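Chemist: To start, I am sharing the structure in question, which I have written as structure tokens.
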Amino acid sequence: MQPHRLALLASLISATAFGANANGRFDNLYTFGDSLTDTGSFGSTYKFVANNQTSLLYNQQIAKMMGIDFKPFTQGGGNYAISGSQTEGSGVAVDQPLVWMGTKEQINTYLSDHDGKADKNGLYILWTGGNDISLAIMNNPLSPYGEIDRAVGNVAEQTQTLLDNGAGTVIVPNIPNIADTPFLPTIMLTMLPLSNQQLEVIRQELNNASTPDEASRKTAIVNAMAKGLGLPGLADSVISPVYDFLHNTLTSMLEYNNQQTEQALSQLHGNIVRADVSTLFHEVLEQPQAFGFKTTVGFPCSFKVFGPYCNTGMNGYDDSQLYMFSDEHHPSPYLHQIIAEYFVSILDAPLYVSSLIHATEGMVEDARSTLDGQYQTLRTNQHELNDVQVFGGYSSHYLRRSGKNDSTFANAPSNDSTNNGSIGISWQMSEYGTAGVMISGGLNHNTPTENFSYNSHGISYGLFTQWQAPQGGWLNADMHYTTANLENIERQITLGLSNRTESGDTKARQYGGRIGAGWDIPVSSWLTTGPVLGYSWDKVHVDGYRENGNRSTSMHFSDQNKTLQTGSVGWRFDMNYYDVKPYLQVDYQRQLGDRDSKVSAAINSTATSFTTSTDKGRQDSVKAVVGANFPLNKTLKGYISTSYSNQNRDDMFSYTLGLSASF
């Protein structure tokens, strides 16, 4: 097995394993389109990909990541695509009456099969229009724009039909430039009386060509055609000008179609994912070696042998390298993999970005742990009126994520940790009351998933007070305002053998407060116990941001807002051993505020957007804290604590170290 095939196999295995836990966010997949999407509606001859018995189209690969059984609608499945179809009807005359179903009829058939309602939890892909453009060019090459406008209107209308009938998320990819597929040289060759032997010479030249960029691609096509004709002198004088004319003409038509469709879709309302396959296609042509391609103009079988009939072992089959195309027009299995991974990366992106809402939460949680240590020290030690205490501490928590919170295509366990330092001052303003201020700072590298990370640094300003009753009751309250810079936000994307990173920066803020109360019941001279109650309220905001660049994978994201409310009830034990004062507290916590958040996202080069909600997670959790404070000398005390909580199926461990000096 050749090295590039080993790497591809490893990539496929990795993608499959990484997406194994995906079933849950979308409960099914429904696709509509033409031969790019048809997985065998009327048998294998309708699946246009090389080695079609074993190869997977992009939608089959997505379904595999989702963990669902995906079949053509003729077999009771969710794939309604039919090869040869247009946006309305088909331009291909065949003996199967259903093949005359365009995507309009496909969608109507789907709705009829589902009592007129779309599955709101399903994922929909509508990829159509390519055959409309091809036939418009062939039927009316001088003025095809009327037919293109009709196709544009159909795509917008069909997208709206799905949304109006309840579809939650619809992917509507644009159309890659057919001028950059083998379709263009094929058109040129049909104008010439060439023998099969001459065509094979041209194919071999294309397969052997090295095309590291688009300029070399044109050179390879022109030279191959000249050699096949046996007239190398025609390369620059005749073939090149004809190629340029046809390429520019086809390109302008495709750009017009994509621009008009983009504009029409932007007027609709709903979750529309406008995948920019056209730009992705251009990126592959510009840097093919990054994706494992030596040539971007070749294909494994001879001219006129289409994907369904192109199989390993047949005469002339060439498997010496990775190909972009299965035949003169259709993507190869590997290019289908790249497309599938591209679509999934778009859907996963807002879920990754939604983790930014937790950046300031971690800072605030750490600061509150340090303040809790100071509360405990103040509560269990005597202080004179007007005493001043200066305190400081370090707090950190370690979060072990289960990878099952958001039900994405790319769920995987991950770990994260934080670092926070605090310093404060308190004043014993009465026999029973203390008030103070505290400032905290955090500097962290966060990795919510293995494909997403960011750096955060922020500062938190806080006010607090604590009151104690002679009979054993106590009450504390605090409030804070926290700001943070979230920098080097990096989203890792795998597209076949190519890996890329999209990055950006944003800011976040959080403000809120909490109140806690308890009653210490004496049990013995060294032990007290009693109930505790708590309530916290916080408002979190993360600014939207735009990733740098304008690649097919570069995206922008909306603001995020979340209101956090937590109520708790628990029990604690306080002990006193020779001035060492350990304690144990166990709380049952219930989330009362927003348990999910929403993020809107879009590709930078597109005008549509879609909104994703995160998983609500568990509403209830338990937190246990063990700690102690102890004297270091007459004026200096130390405190330490560690805690565990099981939040949203994740495990969080934390610890705090602090010092408190009295003056």
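Here the Cβ of each residue, glycine as well, is placed from N, Cα and C on the backbone.
Annotation comment: TrEMBL describes 1-22 as signal peptide. According to TrEMBL, the active site, nucleophile annotation covers Ser35. Annotation comment: TrEMBL describes Asp327, His330 as active site. Per TrEMBL, domain 'Autotransporter' is recorded for 387-663.
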Chemist: If you draw a 10 Å sphere around the Cβ of His330 (active site), how many other Cβ atoms fall inside it, taking every protein chain shown into account?
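Modeler: Cβ-Cβ neighbours of His330 (active site) within 10 Å number 25.
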Chemist: Cβ distance under 8 Å to Ser35 (active site, nucleophile), same chain, sequence separation 6 or more: which residues?
Modeler: Tyr46, Phe48, Ala81, Ser83, Gly84, His330
Chemist: May I ask which residues of the same chain, at least 6 positions away in sequence, place their Cβ under 8 angstroms from the Cβ of Asp327 (active site)?
Modeler: Phe48, Ala50, Pro182, Phe299, Cys301, Val305, Phe306, Gly307, Cys310
